[in-house]
Amino acid sequence: MPFSNARENSESNMPKLSIRDLELQHKHVFVRVDFNVPLTDDGTEITDDTRIRETLPTIKYALQHKAKLILASHLGRPKGKPNPKYSLRPIVDRLRTLLDHELGEKINVAFSPDCIGEIATEMSRQLESGQVLLLENLRFHPEEEANDPNFAKQLASLCEIYVNDAFGSAHRAHASTEGITHFVQQSAAGLLMEKELNYMGKALEAPEKPFVAIIGGAKVSDKIQVIENLLNKVDALLIGGGMAYTFLMAQGQDTGKSLVEVDKIDTAKEALAKAESKGVRFLLPVDHVLADKFAPDAKTQIFAGTGAFPAEWMALDIGPKTVELFTQEITAARTIIWNGPMGVFEMAAFAAGTTAIAEAVAANTQAISIIGGGDSVSAVKKAGVSDRITHISTGGGASLEFLEGKKLPGVEALTEK
Ligand SMILES: Nc1ncnc2c1ncn2[C@@H]1O[C@H](COP(=O)(O)OP(=O)(O)O)[C@@H](O)[C@H]1O
Ligand SMILES: O=C(OP(=O)(O)O)[C@H](O)COP(=O)(O)O
Ligand SMILES: [Mg+2]
């Protein structure tokens, strides 16, 4: 069931300034985008450009209003050090191509090899109205994630106006999402940010039940925290992907070399206990695709049951029985939210679980389905079912925190209307 109008609705009921409220002409406008797109292993090719495409309305708006546009993003987790694997340089060509297509004219997109310092300052000074400057990865500086005020001030010195369009990073209180707002006159939401907040707000205000959340992926320590609060909202929680093994370990299963965050086992136990006391169905994988190494050409075997995994093997996908079990819940649901792939879908040998779950979600035309996250969206597009999903969101962790009812620091920091 399509969620009527919300997708197209550009009117925001947010109490925050919107880019549409601002006078942009001839101003330096710093737009924090989320260009944290999935790349090939060597970091040279973009495998899914949804996050870039989704910011085009904001970029187009700013250019048509004759802004001097500065775009900044993080990419991956380079841990505060420059690393060519996480360079934003490959984004420049894609952005040029998409903008040419979108605007029907050639747009000048320059690239600064550092997001602060002399070169960035000079390149920003030389920007003309209607031109774009993309800055190198913000996370090449440890001060970005530390939300260092001096670093935030340096970013702010590049601009007169700040816009946050990075919904996917709105749950982070970093220098470019929070700190910078303390050093500029006006901080506003971009069009993608508004669209996402509007949609999520309406769809999740009074979700039709059964409400099912599917959580997987690899960011276990980030997302396991969210699960406890989700138990207040959902009827069933399906856990797959790298998220599952900390829970199976918490239940006493030896999961071999699978991804486990040992210091989150207590959090997992608490969530399991809470699910039981609240009567929330908490489903973990009952079978797995095991691999003898983390590689596309690994040897594989299906392993079922609660016994110990063979010691040197790791689970890289959910197995067929789990797909069946999860599909039953998905088919009966009326609201579905999904973040995090069920397996290492980037490798063909471990993509079947994610593809089958994507197909099950798409097949439920009675439900409102929301799929979010850089990698989840890439997986769903790869499975070829994205046009049968009600809402594809650019945010994974951000959607989960929004759903949990948490205030997003990147939104809170924006200027009140
Ligand atoms: N069993 C697993 N073991 C290791 N990594 C996994 C497993 N299942 C999924 N993943 C990985 O999780 C990653 C995506 O996680 P995450 O970033 O949390 O999702 P999203 O971007 O959708 O929010 C993918 O790169 C995928 O390969
Ligand atoms: O990819 C992102 O989140 P996601 O993996 O939940 O979709 C965002 O860009 C945030 O990245 P971060 O989780 O490294 O802060
Ligand atoms: Mg991701």
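Every residue gets a Cβ built from N, Cα and C, even glycine.
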ATP binding, same site as Glu346, Gly373, Gly374, Asp375, Ser376 - TrEMBL member from Lys209, Lys223, Lys233, Lys257
Lys223
Out of Arg51, Arg53, Arg94, Arg96, TrEMBL lists as part of the substrate site with Asp34, Phe35, Asn36, His74, Leu75, Gly76, Arg77, Arg139, Arg172 the residue Arg51
State the three-class DSSP label for Arg51 ((2R)-3-phosphoglycerate binding site), counting H, G and I as helix, E and B as strand, and everything else as coil.
helix
Specify the secondary structure state of Arg172 ((2R)-3-phosphoglycerate binding site) as given by DSSP, simplified to three classes.
coil
With the Cβ under 6 Å from ligand 2 as the test, give me the qualifying entries from the binding-site residues Asn36, Arg172, Lys223, Gly373, Gly374, Ser376.
Asn36, Arg172, Gly373, Gly374
Select, from Arg172, Gly373, Gly374, each of the binding-site residues with a Cβ positioned under 6 A from at least one atom of ligand 1; if none does, say none.
Gly373, Gly374
Using an 8 Å cut-off from the Cβ centroid of Arg51, Arg139, Arg172, can you name the remaining same-chain residues around the (2R)-3-phosphoglycerate site, in sequence order?
Asp34, Asn36, Ser73, His74, Leu75, Leu138, Ala166, Gly168, Ser169, His174
